[in-house]
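Novice: Grabbed the feature section from TrEMBL, which reads as follows:
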- A:400-411: compositional bias 'Low complexity' (COMPBIAS)
- A:441-458: compositional bias 'Basic residues' (COMPBIAS)
- A:165-289: domain 'Palmitoyltransferase DHHC' (DOMAIN)
- A:65-83: transmembrane segment (TRANSMEM)
- A:95-112: transmembrane segment (TRANSMEM)
- A:211-235: transmembrane segment (TRANSMEM)
- A:255-279: transmembrane segment (TRANSMEM)
Amino acid sequence: MYSLKHLGVAEPMRECEYSQISTRSSTPMESPHKRKSLKKKWQAFQGRNKFYCDGRIMMARQTGVFYLTLVLIVVTSGLFFVFDCPFLSSHLTPAIPVMGGVLFGFVMGTLLRTSFSDPGVLPRATPDEAADLERQIDVANGSGTTGYRPPPRTREVVINGQTVKLKYCFTCKIFRPPRASHCSLCDNCVERFDHHCPWVGNCVGRRNYRFFYMFILSLSFLTLFIFSFVITHVILRSHSIGFLSALKDSPASVLEVVVCFFSVWSIVGLSGFHTYLIGSNQTTNEDIKGSWSSKRGKDNYNPYSHGNLFTNCCAALCGPLPPSLIDRRGYVLPNTPLPAPPTNGITMYGATQSQSHMCDQDQCIQSTKFVLQAAATPLLQSAEPRLVTEELPLPGRTSLGGPCPSLLLGQPTPPTSTPSLSCDGEIIPPHPSHPPEPPHLHPHAPHHHHAPHPHHHFLTPEEAPSPPGMLPCGSPLSHSHTVPFYHPASQDSLHEDSVRGLVKLSSV
Amino acid sequence: MLSGPRTATDRSKLPFCHESFHNLQELRHSASLANKVFIQRDYTEGTICRFQTKFPSELESRIERSLFEDTVKTLNNYYAEAEKIGGQSYLEGCLACTTAYLIFLCMETRYEKVLKKISRYIQEQNEKIYAPRGLLITDPIDRGMRVIEISIYEDRGSSGSSSGSSSTTSSSGR
């Protein structure tokens, strides 16, 4: 029987260390002196994020556009304060630079807060949880896994009278909560996923949506503010010295007007769009998919809406701010259950749970079996397991080989999609039966101009968020990952390839 | 399984970590972990944090149904309190917005306060109810608020390790 005495403070530390030695010989022994060598959790984080300031700052991998945003805002505002404000404060009122300053400060604050905070990333499942879920799913679906496409893993739940489907995320090995989505750029499941915004260099989700909204709202005001006052400045000046000489006197004004003119349309439009979303308590993802639109059915309504506009707004902007679930700055202790490594369709259905446990020879045998079974693309297959074993022991590292398969592994769908074989630029194909992440690929075109302001990331695969050099390396991996479960009958070229491959194999 | 750090300073840096919990964990590792049960989230009321109160079959022989349900219901109430949208949360939100969220450098959010309460509650439940039955609840925050993980331990009895024998001697000494 376990008694309270064992829980008591009197338990000597020595005994704990002794049992540590006896039971955990495989993990490194941690002593107080080795505290410095303990890794922090952000260093072992499995998503594709960048961390700064010892885990305090968290951003997406591609931050180039974020720096552009910063430069645009700082330079334009700087030019305004330097060239226009002196004239305006002397001729009109000094309140103008003050207000401008306050607006600028607010814009920068909200921008940095949006970009640097955790959007609401869901940590990946521990191996025990993943195994438990697998068992439940197998029981529910029956064990008819012969290597072909398994039934999709979904759970249905009724929320406020609406049936919502919860999808299983193969990367994170969890059933995604409602409104959560997996961001393929960051390779994380994010709660209440809105979209991935390259302009702020981060995903927009539950924890930073209000900052994002404040940012675009205040930026709209700042843009309009600068635009109107620069024009006022030029007009006032041109009263005395003529229009052209006024422009010559303050050339910066021209630049500011141009920048503001082009930004105003997209930013004000975006603010309007998000105001609508907040009022109806929807995410960009849901709006684009039309999840709650009445066009889907007469009884289709948004189960998350609080009913009235005011409550929806207050809930979104002033509701409680949940803490980060990923504990970036905590230490990775020897016993901390690290999330299970991401698996692909092969390991999920039929093969081993985790390839790292297999020796290379076994993997070769396994892969050969798959080739024979599914008549898939061949020789590349034998190369694949090696790559996977190499990258698995380094979960935290963002190696070149790592993101590539994980980009594909990031797909929640079983890897049977045709487009993934084509690998000619679209690493993130929209799978017809699972309209998932790709919603945030779609532009906001129906709502407003979007040319300067792409909130979708269908641009980014071409811009190569993952190193461009990986596209070629991506193809063999994708072939080997996905093809075994592909029905060759539907693709003649694939059939040819596989026949060729089998011939090659037999000659080895 | 999460175990505590070796020094007090380490421990003080970790949230939700308690010394007695730490010792219990170490003891558990000498005992045998038989199984883990995962209580999943209940999404029928939306995205708020709620756990299913369905009694898992693996616990049938280990703990009374009513005790288990009480624990889960209390946890659900705590989470509902943390996520409640009402006057106090609005006030906090507006205040934070006006101070550009700098106020959170000095004070913690209501959510964090409630999480601390939950952590204390779980520890108390472990000590009083679950540990004597060979069970251990892991705080959901350590599992990303996805599940309540309940570890089931087997009673070693007299044939066990030193900790097993010490448990029998201490229980006889009680």
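From the backbone N, Cα and C atoms, a Cβ is placed for every residue, glycine too.
Given the structure is predicted, the values throughout are model-derived calculations rather than measurements.
If you look at the structure here, what lies around each of the features I listed?
Specialist: Long-range Cβ contacts of the transmembrane segment (A:95-112) within its own chain (Cβ-Cβ under 8 Å, at least 6 residues beyond either end) map to 69-70, 73-74, 77, 80-81, 85, 88-89, 200, 211-212, 214-215, 218-219, 221-222, 225-226, 229.
Beyond its flanks by at least six residues, the transmembrane segment (A:211-235) meets 73, 76-77, 80, 84, 87-88, 92, 96, 99-100, 103-104, 106-107, 110-111, 113-114, 117, 194, 197, 200, 204, 243, 246-247, 250, 253, 256-257, 260-261, 263-264, 267-268, 270-271, 274-275, 278, 316-317 of its own chain at Cβ-Cβ distances under 8 Å.
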Novice: Given the model, what does the mean pLDDT over the domain 'Palmitoyltransferase DHHC' (A:165-289) come out as?
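Specialist: Across the domain 'Palmitoyltransferase DHHC' (A:165-289), the average pLDDT comes out at 91.
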Novice: Per DSSP, how many helix, strand and coil residues does the domain 'Palmitoyltransferase DHHC' (A:165-289) have?
Specialist: 76 helix, 19 strand, 30 coil
